[in-house]
């Protein structure tokens, strides 16, 4: 929803706008709630990053948590400015992050160690170049959804081979936050005209950001548990501050 309010960033040039009035609270922030709702994702990713570094998990998990932070910052910049270039800076890291998930999920079963990361890296580079020149629109969302779907078969295999109830609970929380978040996203997109007439806007897209922050945190923690199981590190699910789950491992000295 574009409004005739003076803004620091100039006119809206992004191809997508969400069901939140622009520049209501500040001339520096186009969509206030859609911007600040990325903060929980950054905090949760920092918790995961600290745990991955402290327990010396493989570097791929540190990179994964850092990619979550980069994506959240990119989303904040995009929603604060609603610029076309900033939109690309939000969408391109989304694809890169999914390529990283594909690598982490499938690499333990991949026999040719260098082909997968090389292919995924080149795929990410080519996409970034194309996306900088072409506005994909609905094509981007379909492409992103396809990358997400590619992760499902192997993740489900991890789930059915996991016996620990706490680890299984993480997978269930991942699915729950994804479904509720997707419902919020769809309502914000499809019913904006009706929502705009309400006295109170539930800020569906902002809720999507918050839920996706928890979603990726649960996903990352579950994948860390599964990887620790593969490496025979005797993983256990513990809770930070009594609420935030994390993986505690015990490596043998030889490792």
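In case you wondered, yes, glycine gets a Cβ from its N, Cα and C as well.
If you check TrEMBL, you get these features:
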- 18, 20, 22, 31: Ca(2+) binding site (BINDING)
- 79, 205, 209: Zn(2+) binding site (BINDING)
- 32-51: transmembrane segment (TRANSMEM)
- 63-81: transmembrane segment (TRANSMEM)
- 120-152: transmembrane segment (TRANSMEM)
- 173-191: transmembrane segment (TRANSMEM)
- 206-226: transmembrane segment (TRANSMEM)
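Counting Cβ pairs closer than 8 Å and at least 6 residues apart in sequence, the transmembrane segment (63-81) and the transmembrane segment (120-152) reach fewer than three and form no contact. Packing against the transmembrane segment (206-226) from elsewhere in the chain are residues 20, 33-34, 36-38, 40-45, 47-48, 51-52, 57, 61, 64-65, 68, 72, 75, 101, 104-105, 158, 162, 164, 167, 170-171, 173-174, 177-178, 180-182, 184-185, 188, 235, 237, 244-247: each is 6 or more residues past its ends and has a CB under 8 Å from a CB in it. Listed in sequence order, the binding-site residues near residue 18 (Ca(2+) binding site) (C-alpha within 10 Å of its C-alpha) are 79, 205, out of 79, 205, 209.
Here the Cα atom of residue 205 (Zn(2+) binding site) is found 9 Å from that of residue 20 (Ca(2+) binding site). In this structure the alpha carbons, written CA, of residue 20 (Ca(2+) binding site) and residue 79 (Zn(2+) binding site) are 10 Å apart. Cβ packing within 10 Å was compared across the binding-site residues 20, 31, and the lowest neighbour count falls to 20.
Taking the Cα atom of each, residue 31 (Ca(2+) binding site) and residue 209 (Zn(2+) binding site) are about 13 angstrom apart. Close to the recorded Zn(2+) site, the chain also has 18, 20, 31, 33, 34, 35, 37, 38, 75, 206, 208: residues not among 79, 205, 209 whose Cβ is within 8 Å of the site's Cβ mean position. Annotation for residue 209 (Zn(2+) binding site): same-chain Cβ neighbours under 8 Å, separated by at least 6 residues, are 34, 37, 38, 40, 41, 75. Between the CA atoms of residue 22 (Ca(2+) binding site) and residue 79 (Zn(2+) binding site) there is a gap of 10 Å, rounded to the nearest whole number. By neighbour count, meaning other C-beta atoms within 10 Å, the densest spot among the binding-site residues 79, 205 is 79. For residue 22 (Ca(2+) binding site), the number of other Cβ atoms no farther than 10 Å from its own Cβ, over all displayed protein chains, is 19.
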